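What TrEMBL annotates here:
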DOMAIN    47-295  domain 'G-protein coupled receptors family 1 profile'
TRANSMEM  34-59  transmembrane segment
TRANSMEM  66-87  transmembrane segment
TRANSMEM  107-124  transmembrane segment
TRANSMEM  144-166  transmembrane segment
TRANSMEM  186-209  transmembrane segment
TRANSMEM  230-255  transmembrane segment
TRANSMEM  275-298  transmembrane segment
Amino acid sequence: IVITDLVTGLSLFRTMNDSCNFTRVNDLVNSIQLVVYIPTFILGVTLNSLAIWVFCCFLKKWSESTIYMTNLAMADLLLLISLPFKMHFSKHPWILSKYLCSFVESLYFVNMYGSIFLITVISLDRYIAIRHPFKAKELRSKKVAICFCIGIWIFVWLGSIPVYSFHDHSPNFRCFHGISKSSWNVVLILLVEVFGFLIPTTVVVYCSIKSIQTLLDSSLTENIKEKRKTCIRIIVANLTVFIISFTPNHLGIFLQFLVRNHIITDCVSKQNISLFVQLAMCFANVNCCLDALCYYFVTEEFRESTDRVTERTFSFILSNA
């Protein structure tokens with residue numbers, strides 16, 4: 001049904017030149033959101049809650065990576081909390097406080113930019129450990145990791161303040177829709193695109209490439225070579241997930257900025273951009289599940305602890321069957 005709606009919706013966008021009505025766009029996106037958000041919410045909450053539980057209760061010793069990944073799991077849970085609200089109130093009028101709507105919306109941006117900055121710091125931390133192993137003892141520490149995480153949380157929460165001005169003071173506003181024109185000013189969008197995406201992406205790409213080069217250039221024994229291959233696969237997977245998750249979002253923000261400032265005025269283009277933006281934001285949320293899967297493969301102790309928990313759970317179930 002969703003695929004049929006998608007094909008029908010796209011064909012209608014090409015023919016609707018007389019009036020720019022976004023009702024069909026929103027209806028189509030709402031249908032797709034249900035298909036994506038429900039499994040994302042269930043899997044995301046389960047996997048990230050399990051990750052935090054294992055990190056906090058089963059790991060014997062915390063490392064810098066563990067601290068960063070625990071905070072990343074917390075950021076993902078914040079986004080997942082907002083999904084039920086988004087699923088319901090995308091179709092129905094918002095009946096609660098306008099400020100509560102803005103708070104729920106801010107959870108999305110706190111997660112996205114919290115995740116971006118945390119992944120950037122993780123990439124930088126990994127780069128230092130691989131590229132400069134002797135300096136790593138001086139530059140890397142649990143205290144530094146905690147300070148970075150606290151700084152990121154403060155920064156993204158302060159950065160979410162503009163979200164509270166996204167909606168005009170209209171009594172019939174729709175949450176997650178109808179962002180005011182004043183929110184699409186050049187300064188705000190420039191800050192979001194440059195400091196929220198381009199600079200972190202440059203750091204992540206550079207650190208990932210240099211880390212892979214260092215691993216490939218090193219002469220290792222056959223036993224260590226297998227670990228090197230695994231490490232390279234993890235770096236490539238993390239980089240791919242990062243680019244796929246956040247690039248469409250920020251491309252969509254830029255295109256929507258052009259629409260809101262009347263640089264793009266063609267109705268069909270505006271409808272297609274609206275569809276692209278909403279779908280990009282929708283599928284970017286799957287990142288919450290992918291992050292949790294990465295924890296299993298990145299941290300050896302996490303993997304061992306998870307396996308022990310799974311064995312205990314199955315043993316308990318079988319003994320009480």
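Don't overthink the numbers, they just go from 1 along the chain as shown.
Backbone N, Cα and C atoms are what each Cβ position is placed from, and that goes for glycine too.
All annotation found in TrEMBL is predicted automatically rather than curated by experts.
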Two-stretch contact, the transmembrane segment (144-166) and the transmembrane segment (66-87), at least three Cβ pairs under 8 Å: yes
The transmembrane segment (230-255) touching the transmembrane segment (107-124) per 3+ Cβ pairs under 8 Å rule: yes
Whether the transmembrane segment (275-298) meets the transmembrane segment (66-87): three or more C-beta pairs under 8 angstroms: yes
PLDDT averaged over the residues of the domain 'G-protein coupled receptors family 1 profile' (47-295): 84
